[in-house]
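The following features are taken from Swiss-Prot:
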type	residues	note
BINDING	C15, C18, C34, C37	Zn(2+) binding site
DOMAIN	150-237	domain 'Toprim'
BINDING	D236	Mg(2+) 2 binding site
BINDING	S311, G312, S313, G314, M315, G316, K317, S318	ATP binding site
SITE	R360	site 'dTTP/dATP binding'
SITE	H464	site 'dTTP/dATP binding'
SITE	R503	site 'dTTP/dATP binding'
SITE	R521	site 'dTTP/dATP binding'
SITE	Y534	site 'dTTP/dATP binding'
REGION	542-566	region 'Disordered'
REGION	549-566	region 'Binding to viral DNA polymerase'
COMPBIAS	555-566	compositional bias 'Low complexity'
Amino acid sequence: MEREDDSIFLFHAPCENCGSSDGNSVYSDGHEWCFVCEHRVPANEEREAKLSTRRRTGGSKPMSYDVWNFGDSNGRYSDLTARGISKETCQKAGYWLAKVDNRMYQVADYRDQNGSIVSQKVRDKDKNFKTTGSHKSDALFLKHLWSGGKKIVVTEGEIDALTVMELQDCKYPVVSLGHGASAAKKTCAANYEYFDQFEQIILMFDMDDAGRKAVEEAAQVLPAGKVRVAVLPCKDANECHIMGEDKAILEQVWNANPWVPDGVVSALSLKDRVKEAMTSEDAVGLLFDGCQGLNDRTLGARGGEVVMVTSGSGMGKSTFVRQQALAWGKRMGKRVGLAMLEESVEDTIQDMMGLNNKVRLRQSDEVKKAIAEDGRFDEWYDELFGDDTFHLYDSFAEAEADRLLAKLAYMRTGLGCDVIVLDHISIVVSASEESDERKMIDRLMTKLKGFAKSTGVVLVVICHLKNPEKGKAHEEGRAVSITDLRGSGALRQLSDTIIALERNQQGDMPNLVLVRLLKCRFTGDTGIAGYMEYNRETGWLEPSSYTGGEGEGDTGWTEQDGQSDF
């Protein structure tokens with residue numbers, strides 16, 4: 001019985017007695033207990049040895065062979081007397097003592113959400129650290145114990161996390177950074193969705209320069225409005241505990257102040273900065289490709305703006321935004337995020353490669369086969385994507401709103417994307433179970449606008465048009481009005497710039513596109529910005545010298561081939 005008291009819970013597994021899929025609990029010494037039928041399997045050395053390779057339900061991988069085995073390493077749980085941490089807390093957390101080659105070590109087990117050990121941090125008496133297993137950049141100690149709630153405390157190291165755990169009787173969420181303060185931003189960004197499950201995120205980092213720097217870096221990539229910062233009277237949580245300042249720690253857990261970013265400054269000190277900003281290229285914004293008139297009317301797209309692109313079905317919206325993304329990423333050196341929800345990432349990549357090499361790659365099996373065989377594929381791919389400028393949302397046809405927003409936020413705060421393209425907003429709304437589409441769009445647009453404004457990203461969003469009640473369709477050259485946007489008034493109210501593409505698919509010049517500016521909050525300008533023409537050989541929307549009259553997109557155009565290829 002003493003042996004089982006020292007064991008720790010590892011994971012849930014099927015019960016061989018009652019058939020429950022996950023009611024059975026497996027422990028580190030090999031014994032099992034089913035909470036459904038109360039069937040107990042006793043521990044033995046053979047069963048314990050098999051635990052390191054036992055597969056979990058759902059086909060997940062076994063424990064890594066290169067992590068330290070509790071038995072082989074003469075492992076034991078013990079009070080950390082010098083740190084004021086009990087054996088019970090260490091057992092709950094998976095923090096144990098090992099004796100290898102007559103040397104003592106402290107071992108922190110890092111587990112995945114299923115409870116399997118994936119890596120460990122090992123520390124010797126001289127405070128030298130090393131890791132075992134697959135210790136990835138998103139590693140958080142104790143993450144497997146918690147899955148949402150009101151508060152979660154984040155500390156720099158395992159000992160501080162154990163301290164907070166000790167003071168709260170192991171009942172409330174606390175984790176520590178797997179790679180310390182220097183990697184706080186990267187670790188927190190990689191765990192954005194995990195932290196977003198909690199209402200408050202309390203950063204209880206060390207009270208030194210490195211800790212304060214880590215707070216500022218980490219807070220910026222965590223969910224907005226949720227971050228709070230703990231201020232302690234000693235260097236860290238464990239030192240407070242040792243010095244009898246437990247009350248100060250708990251006070252910060254429950255009453256830490258919200259994080260307020262740096263940036264409140266006197267206007268008197270901004271004179272030189274404002275002058276420089278007025279004369280910099282950034283003041284013009286990111287210029288649009290292929291239509292100079294659009295740049296003349298908008299002066300480009302600025303950080304924090306929502307740019308809406310709309311047209312009838314099959315009119316060139318996706319081609320237009322892909323072309324802009326390529327120009328911004330390749331020519332201007334901006335980082336670009338692409339959430340193209342109507343197509344797979346493989347299709348998006350092929351279209352971007354085709355545009356960059358002026359060939360309609362995805363539509364030509366002959367060209368695809370040729371470049372794969374003659375080596376051009378690697379050349380084209382590396383030339384466009386080798387500098388890691390483009391990042392894609394890889395969830396074809398999966399667009400649940402909150403999950404999507406978390407991914408977009410990671411593109412901006414974690415990957416540093418300057419521009420994000422969302423194609424299209426209608427598919428996000430249709431993925432919701434909510435019946436009121438108008439209210440859904442209102443909320444989604446409010447979140448998108450807040451996201452763009454708070455992070456400074458240029459957010460390009462595609463939306464569809466509603467079908468006109470009478471008269472010709474938009475696909476037949478009907479002029480687009482700002483009230484034609486399908487869904488809610490929030491689409492036009494919260495967008496900074498709205499660009500409409502018009503063409504007559506059945507007219508004499510079906511590949512000629514009229515570019516109409518419906519709104520520009522920055523300049524106040526509206527009207528026809530110019531014309532672009534689709535090149536069937538290169539896949540590009542190119543500048544056109546056509547100057548037809550407004551509302552007469554199919555009048556006076558000379559017939560070419562009567563075919564449309566958007």
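Using the three backbone atoms N, Cα and C, a Cβ is placed for every residue, glycine included.
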- Query: Nearest to M315 (ATP binding site) by Cα distance: which of the recorded positions C15, D236, R360 is it?
  - Reply: R360
- What's the CA to CA span in angstrom from G314 (ATP binding site) over to R503 (site 'dTTP/dATP binding')? 10
- Between H464 (site 'dTTP/dATP binding') and G312 (ATP binding site): CA-CA distance (Å): 7
- State the mean pLDDT for the domain 'Toprim' (150-237). 93
- Spatial hits near R503 (site 'dTTP/dATP binding') (Cα distance within 10 Å) out of the recorded positions D236, S318, R360, Y534 come to none
- Most Cβ neighbours inside 10 Å, all chains, among the recorded positions K317, R360, H464, R503, R521: R503
- Task: Quick one: pull the CA-CA distance for D236 (Mg(2+) 2 binding site) versus C15 (Zn(2+) binding site), whole Å only.
- Result: 44
- Message: Between the Cα atoms of K317 (ATP binding site) and C15 (Zn(2+) binding site), what distance do you get, rounded to the nearest Å?
- Response: 54
- Could you give the Cα-Cα distance between R521 (site 'dTTP/dATP binding') and Y534 (site 'dTTP/dATP binding'), in whole Å? 29
- Task: May I ask which of the binding-site residues C15, S311, G316, S318 is closest to H464 (site 'dTTP/dATP binding') if we compare their C-alpha atoms?
- Result: S311
- Query: Where among the binding-site residues G314, G316 do you find the Cβ with the fewest other Cβ atoms within 10 Å?
  - Reply: G314
- Query: In the structure shown, which of the binding-site residues S313, S318 has the fewest Cβ neighbours within 10 Å?
  - Reply: S313
- Item | Spatial neighbours of G316 (ATP binding site), counting only the recorded positions C15, R360, Y534 and Cα distances within 10 Å | Y534
- Message: When you rank C15, R360, Y534 by Cα distance to S313 (ATP binding site), which of the recorded positions ends up on top as the closest?
- Response: Y534
- Note on the structure: Counting across all protein chains, other CB atoms within 10 angstroms of the CB of G312 (ATP binding site) number 24
